[in-house]
Amino acid sequence: MHRNSDRFLTAFNRIEKGLKALLIKKEMGFSRAVKVLGKSNALIKQFQDDLLEFAELRNAIVHNKTDLMYTIAEPHDSVVERIEAIEIELLKPRKVDPLFIRKVVCFQETEPLSNVLEVVNKQGITKFPVYSGNVFQGLITHKGITKWFSKGIENRLTSLLDARLVEVLECEKRDNFRFISKETSVYEAKEIFKEQIGKGNRLEALLITKEGSSNGGLVGIVTNWDIMEI
């Protein structure tokens, strides 16, 4: 039966090898590599604190061995399980495909708002990509719909419901979405949301296409609520 220290060091060494593969300067130490890569790699950044703690524990294990059979600093089960789980995430990161691959309800800009509201009522969906033919025009959300209603409240309700989506889009933020490829990791997706919030721009959704282009067919969507569960 493997001791916890053996399992820990095995996972640590695999992670270290994975980090070195991302570095130009291969001789860089583990902790330094974590800090450098964490500045540009969303996956490393996600687990940076854990990795730095693992480095300290690794040093304690290696430097406090009394012989080949006995280790003073024996990691707790929960620590071993944690580093093994992080190893899997780092070396085989979860991607938005298949986690967020699903049929996306889209509309044409010439359709009436009532069509959108019907889907909201039946399916509880509140974010809808809008197209003109095959050309993406924008993302309609419950926020934009609310603004549209408040803007035209003096008109009859029937007129509001008959409004075309191209009109409703005028009440939407034009920068409330991003396109990402299906190869994007869930942590990269999470970082995109966080970075935009840091810039004062709250994204409503990430729209998934094969190559991450607005010209590609939509294969999935990640909302800001989805990402909070990761």
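Note that Cβ sites are derived from N, Cα and C of the backbone, with glycine treated the same way.
What TrEMBL annotates here:
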- 100-155: domain 'CBS' (DOMAIN)
- 172-230: domain 'CBS' (DOMAIN)
Counts by DSSP class (helix H/G/I, strand E/B, coil) across the domain 'CBS' (100-155): 21 helix, 17 strand, 18 coil
Confidence summary (mean pLDDT) of the domain 'CBS' (100-155): 92
The domain 'CBS' (172-230), counted residue by residue under DSSP: helix, strand, coil: 18 helix, 18 strand, 23 coil
